[in-house]
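Taken verbatim from Swiss-Prot:
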BINDING   T156, K182, T193, E280, N404, S409  substrate binding site
ACT_SITE  T193  active site, nucleophile
Amino acid sequence: MPVNIPPLLPEQLLPIPGLSLGTAEASIKRPGRKDILVITLAENTRVAGVFTRNRFCAAPVTVARSHLTGSLPIRALVINTGNANAGTGQSGIDHAHATCASLARLIGCQTQQVLPFSTGVIMEPLPVEKIITHLPQALANLAPDNWFAAAQAIMTTDIVPKGVSRQIQINGTTVTITGIAKGSGMIHPNMATMLGYIATDAAVTQPLLDDLVRYATDRSFNCVTVDGDTSTNDALILMATGQAGNTPITVSTDPAFISLQAAITEVAALLAQMIVRDGEGATKFITVQVESGKTREECTKVAYAIAHSPLIKTACFASDPNLGRILAAIGYAGIEDLDVNLVQLYLGNILVAEHGGRAASYREEDGQRIMQAPEITIQVKLNRGNASTTVWTCDLSYDYVKINADYRS
């Protein structure tokens, strides 16, 4: 079961003026569940995005990247679950284009103004006719307050829908931010089997929106890992309708931009943490903090060496304080000039190791008590600089194997 995720209620997800969402049931993988989401955007909405760095990226990623960098404003997004349209060659590209073209005809825009997204099984042909046939159904229930249904429609192996809203004041104007995401397995930085859609009604220029999505991603979705597998389909899309009524934000030094950046990053980080908390088979949520490094990059290397380790993740599942595994991971993280005698390792607030070995004050029963909790914090102090980073992961349980062994059945 998900680790400490409060139940999401529809009224918690606030509408964004200028944006509507509609869902449909197309039976792409199985009948009786929402598996198509359409998002329509008002004119003058600005859109920015980041995508997977997997070289075997899916057809919709290729098409979405192309459309997003084109000269025409984006007017709609179409997302399907149950089929990734990845590893499908030219026919996959053709199917992604056909989906965009069909939606464009229905809403009266150009094909290049639609962004396609898919998630599901790889190397199976996209059932494009099912999707096209059910687009009118999705358009028929378009509504600005349909965020909860949208969060349900993009789920695959997720157990719970994921969404969050925040409101901030910018120079006396209320600005709303709402986001949804899906993801449970194949979660790894740059990015993952993760789809995220965040929208705001703030007025902000396109270059700043591009900066915002990259900044938020680096501090959220690129700070999580479930199993170390990088997906073919992941994307994070940030949309700004500009209908809040605030004075348009045009420079990054504007306090309004700093406030908006912090709020969007908070929403992205909460969504990313929900993905880890709902990790396939997860029973524990693990925070890995690495401090006092020379650079953020070396802190990140150490953090991911720990967070990716199957030995550490299974020890967390078993509540086994076999903490030498953490020291080993720090050692193979690739920090060439690391002085291990300076490194300090904490489990929660308990000092576990220092001076190259076990701390004199550490007692195994204290370690086990912390490991038995549903939330575990592992802290590493490199004591060689002022940089730091935080990464979130989960444990590795028997159910992870079962879920993925049964994925296509």
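Note: Cβ is positioned from N, Cα and C throughout, glycine not excepted.
Features per Swiss-Prot, on structure.
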| residue | record | CB count, 10 Å |
| --- | --- | --- |
| T156 | substrate binding site | 20 |
| K182 | substrate binding site | 27 |
| E280 | substrate binding site | 24 |
| N404 | substrate binding site | 16 |
Which of the three DSSP-derived classes (helix, strand, coil) applies to N404 (substrate binding site)?
helix
Sort K182 (substrate binding site) into helix, strand or coil using the DSSP assignment.
strand
